[in-house]
């Protein structure tokens, strides 16, 4: 077993290129291939300069090679990944899906990564999901420990219009559906809603998110606030630019909140600037979270194979 898992990146756009720079720093992942469909792609050109094997002939080319990757990161679009996913599985290649296709279980690193380290295909949900579902999870965790529930959570993700390429715009419907589902199934809210705003401001604004969670009126607010701070610190281990804008705000039940107590959390995400500009935190958190998931999968796989310590 090699000391690193051999990795292919499928897709050659902005997200794939930023992901490549992050994977190059990994102790457990070795990016060897980048696959696209545009021979003039800047992503493929950059990958070639960095020594990767590249092709503009898509997944067909990759799967025709004698030497195949252990792990694929796919950053194309939902419909493309839905078609490719069964082919990866048939070839014995594990996949980390950065599209909203949701073929495999959805993963938010602070919430449920350990549960899915052996899954053949995992989904990174959406940029808004990676930024906001950890907060919903933090609130639900604290409330559940007190014997309560979170009946409703709503997230609003505001991202720079400049950071939203054609893939993001084409996937808006999938974004809202996939993120809303994740707010419930991973965040733990009984009902969830997701809204994305493309901010046209110039100069571009960094990603900012608002998370509303309904909570029991008698919930321990200090415990909820501490749970939120703990999860933010965990996200910061792989997204250093992830931060609270201020302390969580608690409001008593009112007509405006449907008669429920509410905690509101404001976060912003500044990108690391590996390839994408720092204001594109919405894209950076996707690539950083995907790299985190890939590293943990690799640690587990290499440890089980005796190739490295977990």
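Using N, Cα and C of the backbone, Cβ positions are placed for all residues, glycine too.
Taken from Swiss-Prot as is:
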BINDING   12, 13, 14, 15, 163, 164, 165, 166, 167, 168, 169, 170, 171, 282  NAD(+) binding site
ACT_SITE  127  active site, acyl-thioester intermediate
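Counting only residues at least six positions away in the same chain, the Cβ atoms of 77, 78, 99, 100 sit under 8 Å from the Cβ of residue 171 (NAD(+) binding site). If you measure from the Cα atom of residue 169 (NAD(+) binding site) to that of the residue listed as 'active site, acyl-thioester intermediate', you get 13 Å. In this structure, of the binding-site residues 12, 14, 163, the smallest number of CB atoms within 10 A of the CB marks 14.
Annotation for residue 165 (NAD(+) binding site): spatial neighbours 13, 14, criterion Cβ-Cβ under 8 Å with sequence separation of six or more.
In the three-state DSSP scheme, residue 171 (NAD(+) binding site) falls into the coil class.
Counting every protein chain shown, the number of other Cβ atoms lying within 10 Å of the Cβ of residue 169 (NAD(+) binding site) is 11.
Looking at residue 12 (NAD(+) binding site) and residue 127 (active site, acyl-thioester intermediate), their Cα atoms lie 18 Å from each other. Long-range neighbours of residue 127 (active site, acyl-thioester intermediate) (same chain, six or more residues apart, CB within less than 8 Å of its CB): 157, 159, 207, 282, 283, 285, 286.
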